[in-house]
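Before I ask anything, let me first share the structure, which is written out below as structure tokens.
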């Protein structure tokens, strides 16, 4: 084996810095290595000259600038010579220029000498310089004419080279349009100057024109005016004019063509955003893969809805060419002065420099949700975010991501909205808090609350007015709303602020803590440095306060809760900048004053129901947990029913998350995970033999989710429905109806949750729907499929989903269907009913609101108002609004249950039953909740009967017009009563169907006795009867399929539908709003883990154990 140490020469004993620089000669004597010098050819004299004259930008620029100055000087001297008519000789300058031209030709020589000699600039140099050199040797030839004015073309050539060197020297690329315009102008000037000087010189033998006459002649000729008062007389000058016109006809069109081409290309690419504008004006950059007109208008309308953003500019950086629709919109004066479109990529520093990203106030990076491969779209978004962060590290980033598993790659971004996280969490809350999607959408949109105010219908006015409520923030010590509640409890401040000002305080944030607390409860004491977040029509800074007169106040207090329902009177928006707020008296009345009495019952006629006052500081003896007491009790002492049915669940954090970055949530979990085979609903295994949902015998109704694949976002649908604050007895079984089988890692994540199952099938198949238990499902959630989000015609992406949901709606009319769509404009097709006059009226109302510039023109569509349809694109405004309100994403995540903060509350709902109507008004409900459970109400979900003659579910005919017999009238009344039943089976009554058809035939045989309204009424009745029979046929089809699958038809009720009702949301209604039966109240409930009462077990009734408490101090609002 060779010794390695003997092969490697040792280091010299003395290796000093001098030896490193100069080398150690003694050490190198015995060294066989050879020193090699690189780039030795650059040390030659020619290369040094080339480096000085050509390669070096700065020295080359100086030389070209000097050359350009000499050319202009020679042209100026020629003009002076002509004006003075005294020839002066200058030999040094042309000689120097000729020497420089020859030297540059030699340095640029690359093998073909004739190419250098026959170049036009070189020939012009020879023509102008050689005669001067000759006159040095032969003085007698000094009177020879030399066309020195041709130096203007050499000056033009030097100018072009100088601009190129200037761009290289300062490392900036000016606009190609500027260069082309400069070349065009210089070409035109050179043509005119050459023609002027040539005509003037040649006409010395003729008219002896002056320079001014020559200028006049050239301008008149080139402008094609041709007065004819000045004309050339001799043939050489005429020939020169012909040559110059031909040259102009050839050269100028070429220059104009290049200029037009550059103009068109600039229109496509968008040009540059100047550095001066970036330093003097504020702008934001919008980076997108492809710009659609809907995305652009949503961004612009929401961004410029805020008054303080009116002076901002929006720079759009998009790699694709601007389409026709976007171009037409950006030509509107309102947007053309604010929006700048740049075609380029965020991955190129040159394009980021064009957009002046380092000077931008913010950068919005949006994903393309219409891509077939959404993961690839996320990867592009991630690279754009990295590129912007690398180029401009101080620029705030607002990033939209599609898949939750990709979120951790962009944790450095200031604000991130994950589409699938928000989508699934919102759809989940829709199942337990109706219309949560509509509630959140209205809160994150900017609106003035003026939509629907011209409508004749009362519900549209109330709904439109309350939709203007948004979330605002203010420091407590600077606030008129909340400053007086310093040192008071949170619930006390929230109740009295709503009573006095009509604002709803929902959350707060400590100065030394970044976490926002959603309704921290009555034990939270307000501090002067707290940041308060409240819901109101407008922010406090835009509000004006006026105190009512004392006598008027007393009159209002007497009739405050007596009289018909009326519109909100608090926080009415008077203008864009100011809101007038009426201040109410917040003093509590004495116990001896008038009280609210319940209806007398038996021996309780003398008892009065009262509402306890909201305490300034929490008292543990008066706090109750409102249906949450079972949370602590059930953990230690489960009931006998739970033990027998195996409902003992543990509470803890899910042991397995399907993706990185999911927020941990305290949930109801199983003690042991369920085997994967038991998660399959429609197939039995060795552990159970159930093959359909009916066999499981669930006590609560199902929640069915129809999706294409079990993506990681679907995990966020399950977590809010299994959160620890949901009562165990109210947990609904969840069935995932998937087109494709789920992955193993997804099953690992859901096997710890109770009553979660999956089934491979599709909503296209009626058998799959029946097996998964659609006949006794509380809600069916239809998620938009990724494979259908992309279509040749954009709005056709929802076609398959809409038709499937319409089929489901026709087959199961009593089913609550929640649908996700790609495009919000398609929601008008949900639960579509042709010849429905009311839907046509709503369509006209939507068009009117859109013409008025409303951002929420679609809000009056019945499916959206009722929370039955949702589009994730409506939540894009959440990211845009976070530029002004940086807390909106955090608050929305808390409301949806995506984030849980210790001490922070959660969103839930309660239903107003008949026993609760004694409360009468929203203000008294507010006080009842704050004084008993600490809940904060934020809105009402109201359902009303749609009393329309054109409704499908109504048959209002005067039977006396057709039949005078009592039998026919009784038969009609029986039909109506049977229609409204909830458990009748029409297949068991064939006589009813036969009589209905006989009645329809009788109507068709008899001629109309009246015209006009009677004829229209008859046609509507015939249509209703026809649809009635059609619905019966669909019911027979469903029942036959159920019998074929050996499923019981007992749970199927084809006659119970909700087509004759409309639902809508009232966000933060006024205190005097009347409560109605079946109203659903949105509540923000305190964290049950933050306070566990020690009192006896609470009673369960319709109003969370708080109704009937008559031992407290009595008060009236």
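Backbone N, Cα and C atoms are what each Cβ position is placed from, and that goes for glycine too.
TrEMBL annotations: computationally assigned, not manually curated.
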Would you please say which range out of 138-156, 157-175, 214-232 has the annotation transmembrane segment in TrEMBL?
214-232
Check each of the ranges 181-202, 269-290, 291-312 against TrEMBL and return the one annotated as transmembrane segment.
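Result: 181-202 is the stretch TrEMBL calls transmembrane segment.
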Quick one: sort out which of 65-83, 84-102, 103-121 is the transmembrane segment according to TrEMBL.
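Based on what TrEMBL states, transmembrane segment spans 65-83.
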With DSSP, how much of the domain 'RCK N-terminal' (700-840) is helix, how much strand and how much coil, in residues?
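Split by secondary structure, the domain 'RCK N-terminal' (700-840) comes out as 60 helix, 29 strand, 52 coil.
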Mean pLDDT for the domain 'RCK N-terminal' (281-417), rounded to an integer?
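90, rounded to a whole number.
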Work out, from DSSP, the number of helix, strand and coil residues along the domain 'RCK N-terminal' (281-417).
59 helix, 28 strand, 50 coil
Sort out the residues at least 6 away from either end of the transmembrane segment (214-232), same chain, that have Cβ-Cβ distances under 8 Å to it, and list them.
191-192, 195-197, 199-200, 202-203, 206-207, 238, 240-241, 245, 248
